[in-house]
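Annotated features, as they stand in TrEMBL:
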- C:9-30: transmembrane segment (TRANSMEM)
- C:95-297: domain 'ABC transmembrane type-1' (DOMAIN)
- C:101-122: transmembrane segment (TRANSMEM)
- C:134-155: transmembrane segment (TRANSMEM)
- C:175-193: transmembrane segment (TRANSMEM)
- C:229-254: transmembrane segment (TRANSMEM)
- C:274-300: transmembrane segment (TRANSMEM)
Amino acid sequence: MTQKFDEIPELPKGSFERITLDAKQAERITKPSVSFWQDAWYRIRKNKGALFSLILFGLIVIMSFLGPVISPYEPNAQTITHANLPPKVPGIENLGILNGVGTLGGEKVDLYELKNVEVNYWFGTDGLGRDMFSRVWKGTQVSLFIAFVAAAIDMLIGVIYGGVSGYFGGRVDDFMQRIVEILTGIPNLVVVILFILIMDPGILAIIIALTITGWTGMSRVVRGQVLKYKSQEFVLAARTLGASDSRIIWKHLMPNVLGVIIINTMFTIPSAIFFEAFLSFIGLGLQAPDASLGTLINDGYALIQFAPHILAFPAILLSLIMIAFNLIGDGLRDALDPKMKD
Amino acid sequence: MEKILQVKNLELSFNTQAGEVKAIRGVNFDLNKGETLAIVGESGSGKSVTTKSIMRLLPEQSAEFKNGEILFGGRDLTKLSDKEMQKIRGKEISMIFQDPMTSLNPTMPIGRQLTEPLLKHQKISKTEAKKVAIDLLRLVGMPKPELRMKQYPHQFSGGQRQRIVIAISLACNPKILIADEPTTALDVTIQAQILELMKDLQKKIDTSIIFITHDLGVVANVADRVAVMYGGKIVEIGTVDDVFYNPQHPYTWGLLSSMPSLDTEDAKLYAIPGTPPDLLDPPKGDAFALRSEYALKIDMEQNPPFFKVSETHSAATWLLHPDAPQVEPPLTVIERMKKFPGSRYYEGGAV
Amino acid sequence: MAKYIGKRLIYMVITLALIATFTFFLMKILPGSPVASADKLSPEQRAVVEARYGLDKPLPVQYFDYMFGLVQGDLGISINQFKGADVTDVILSRMGPSAQIGFQGMVLGTVLGILLGMIAALRQNTWVDYTSTFVAIVGISIPSFVFASLLQYWFGLKWDLFPVALWNDGFMSSVLPSVALAMFPLATAARFIRTEMIEVLGSDYITLAKAKGASGSEIAFKHAFRNALIPLITVLGPMAVAILTGSLVVEQIFAIPGIGEQFVKSIMVNDFAIIMGTTIFFSVFLIVIILLVDILYGVIDPRIRLSGGKN
Ligand SMILES: Nc1ncnc2c1ncn2[C@@H]1O[C@H](COP(=O)(O)OP(=O)(O)O)[C@@H](O)[C@H]1O
Ligand SMILES: [Mg+2]
């Protein structure tokens with residue numbers, strides 16, 4: 001044995017009195033337990049990307065309402081003489097950016113001077129002389145509206161369908177799942193385009209097209225979770241106590257399934273934003289003068305060579321929203337992960 | 001006796017987001033040539049971390065040696081480069097893990113997994129390596145080893161997979177074999193088979209074994225000596241007889257009392273109250289005192305040193321201090337001590 | 001496995017039949033006559049035209065004619081754009097460019113994505129990792145048409161490195177569209193491989209491989225890579241969907257004479273036959289790809305291969 005023995009220390013009298021601790025105290029000394037949601041919130045706060053995205057997204061939402069109001073111009077008001085003006089922001093024009101300089105016939109000139117424009121357009125103007133600042137924020141508002149409504153409908157249908165299918169199981173589940181299997185077999189793109197074609201173009205048409213099969217993803221994850229939880233003890237206990245089906249679903253299953261619903265929705269929203277923009281870009285979206293980020297990008301693209309700013313602002317905003325949502329979604333998924341692992 | 005491995009004052013921490021997890025807080029032990037040393041303790045006590053630190057298998061970003069050394073063949077393993085460690089791993093020291101279901105690469109035929117260490121550490125051809133691998137499979141009791149070389153892990157049962165892992169670990173005749181709870185994840189009957197195999201191999205090879213378990217019943221079967229771990233420290237170490245029949249640390253008493261035995265068959269099993277210490281902020285003094293009914297005032301203030309009980313036996317508890325009061329161990333422990341010559345309850349006879 | 005494939009094939013046929021039926025009736029209730037210049041025609045002329053395209057027959061007959069034609073690979077006849085041309089021929093004639101940029105984009109994106117994901121996982125929590133994670137997030141988030149416009153503006157217009165548009169400069173014409181399409185697979189693969197790789201690197205069998213004395217590169221390539229790569233097959237389906245979706249706009253932006261550009265054009269001019277045909281073509285393409293991917297997964301992963309196809 002080479003076990004090291006320290007010198008046996010001299011100790012003050014009374015050191016060797018026996019003391020009693022009860023086990024409860026021992027429990028208390030160990031790490032305090034935190035609830036699942038507290039824990040999740042703690043983790044999402046630690047995720048800088050997600051937190052930053054949340055703030056950024058909040059700002060974008062606020063601006064989408066505030067922007068059209070604080071701009072002196074209506075989103076659809078045309079001032080033909082002010083067409084295709086590059087952005088000009090007073091205060092930073094000396095920095096060499098956003099100074100109203102654009103190219104005309106291959107040369108760089110201050111178009112505001114040239115066209116005798118006294119006022120400033122922060123994001124410039126489009127081909128019809130409309131203020132891009134108010135148009136972009138208004139478009140953001142519309143895009144977000146479409147995405148949120150579509151995501152909400154997806155969520156509603158998906159949760160109900162998946163919940164019922166998983167909860168009742170058996171024949172009902174079999175039948176409902178066959179339908180979902182066929183629906184998911186149809187490419188989303190095809191469904192969306194076909195539905196858009198038969199409806200009057202507009203916000204409603206886009207929302208319907210996006211949700212017509214969009215809910216299947218949500219229904220699948222909800223069904224999976226319900227199947228997992230419904231046979232667990234607390235649910236069985238509630239059932240033996242005579243709780244009704246709807247009570248069991250809402251009071252007992254829902255809270256446990258909430259995590260996946262939130263995460264799934266966080267990924268549905270950017271996907272809806274994308275599809276709306278996509279449809280608008282190929283000409284199946286909103287009709288003029290209504291604008292969404294997608295139609296603005298489409299308009300801007302036509303003038304990319306001469307007035308790139310018309311494309312730049314909506315494109316940047318769209319990208320920012322998409323990035324923010326993906327980061328928030330990732331963050332939420334990581335934060336809620338322990339429950340999703342199975 | 002030749003000491004093949006010496007762990008001295010080992011301290012190791014994990015740097016995590018929540019802070020520094022002091023997983024190993026001063027561990028000392030020797031491993032003699034040819035012996036089997038069991039390390040027992042509740043889960044979370046630091047058994048795996050201790051052995052993984054010997055193999056240097058802990059995540060390099062977070063695990064940090066704070067103090068101490070691990071001497072093997074005249075070298076301090078804590079100081080070796082990764083390249084040098086690679087030459088030791090699998091060749092001089094090898095390891096078996098807890099869960100055979102996840103220990104094997106699912107997309108690689110087991111033959112290749114067996115020959116990998118052979119080709120890596122020994123200058124032999126592929127055909128020779130294959131022959132050795134087949135012999136190894138036969139050694140661990142795998143029927144028709146030739147046919148099974150090309151199969152994938154999922155085609156084997158849990159017990160068979162653990163046999164394969166054992167075969168892999170023995171491939172290069174290592175000086176030390178570390179088995180980290182090799183039977184915990186298996187069914188009871190398979191557990192017994194794997195233990196039989198380990199005991200059988202013990203006789204056939206002269207490898208020293210560190211056998212980790214939280215099951216004291218297993219220890220008596222396979223080990224020569226036992227180290228009891230608690231809260232990142234070894235609290236008692238001695239021969240199997242020392243620890244089983246003359247235990248000194250209240251934690252060891254707790255472990256022994258909670259062990260099912262023939263006499264306690266119907267009685268309700270004892271469970272140590274409370275939970276293991278939080279290694280982020282380990283308590284001052286004796287970490288077990290908070291859960292112990294034998295706690296002394298000094299336990300709250302000062303970490304007990306090791307007191308020698310006999311040449312082979314020592315324990316870290318203030319109860320062994322000359323000034324400490326005599327305490328009565330739990331009844332089941334007194335029953336055991338009655339059989340141990342040299343214990344204060346000895347009543348004659350032999351263990 | 002065979003049983004599984006059989007079941008999948010049945011589902012595939014049902015799905016396709018549904019899509020075709022649905023498409024057919026959808027086109028029938030669409031506003032506007034399929035004969036674009038109908039207003040200018042006298043009733044007699046109009047009857048002649050309608051008879052030529054079989055539009056005078058009762059609806060069920062038209063439906064069965066259509067479905068029967070489909071089974072034989074006949075997607076109908078274009079009325080507006082290509083007076084009387086076979087839709088199948090129109091699609092086939094435009095397949096080349098689409099297939100080329102789609103394939104190039106897929107390969108480029110997947111390969112780069114795998115590399116990026118691998119490096120990120122092996123250098124976890126370093127700046128390399130953060131950069132690659134950022135690239136991946138951006139790649140997932142920025143729609144292909146925004147990305148395509150950017151590429152066209154900088155690499156085409158501003159720097160003049162590649163053709164701005166059109167399909168007349170061989171491979172060079174295909175570079176920018178392919179890169180634009182590559183973004184999504186790149187980002188998806190990078191994220192996926194990174195996650196998989198990190199999970200695999202933390203698994204017990206990797207620890208065992210280390211315990212055997214394997215070196216860092218042996219661990220990464222002999223043990224981890226294969227296990228991280230196999231599940232990537234499961235996202236090949238979504239990647240193909242994204243490429244196809246992207247091709248509609250990317251072809252439009254770069255004026256590539258492909259199926260996507262044709263499809264968008266047909267939508268503009270209400271050429272129902274082409275819309276129907278392309279829709280069905282897209283559906284078949286995606287459904288077959290997803291089936292193939294599933295089968296491929298079963299073939300490659302020994303766990304599934306040898307247990308006779310679970311799931
Ligand atoms: N990679 C790690 N990071 C942080 N803490 C760890 C890590 N690995 C182990 N620990 C902690 O070290 C302590 C000892 O763990 P371990 O050695 O696995 O216990 P056991 O005795 O059950 O084998 C535990 O508290 C565990 O939480
Ligand atoms: Mg362990």
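Backbone N, Cα and C define each Cβ position, glycine as well.
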Original post:
Are the transmembrane segment (C:9-30) and the transmembrane segment (C:229-254) close enough that 3 or more Cβ pairs fall under 8 Å, when only pairs 6 or more apart in sequence count?
Top reply: no
Original post:
Which one of these stretches, C:9-30, C:101-122, C:134-155, C:274-300, has the most C-beta pairs shorter than 8 Å to the transmembrane segment (C:175-193)?
Top reply: C:101-122
**OP:** Quickly jot the same-chain residues contacting the transmembrane segment (C:9-30) by Cβ under 8 Å, restricted to those at least six beyond its ends, or write none.
**Re:** 59, 62-63, 66-67, 70, 270, 272, 275-276, 279-280, 283-284, 287-288, 291
Original post:
Other than its close neighbours in sequence, what residues sit by the transmembrane segment (C:134-155), given a CB gap under 8 Å and a spacing of at least six beyond its ends?
Top reply: 113, 116-117, 161-162, 164-165, 176-177, 179-181, 183-184, 186-188, 190-191, 194, 242, 245-246, 249-250, 252-254
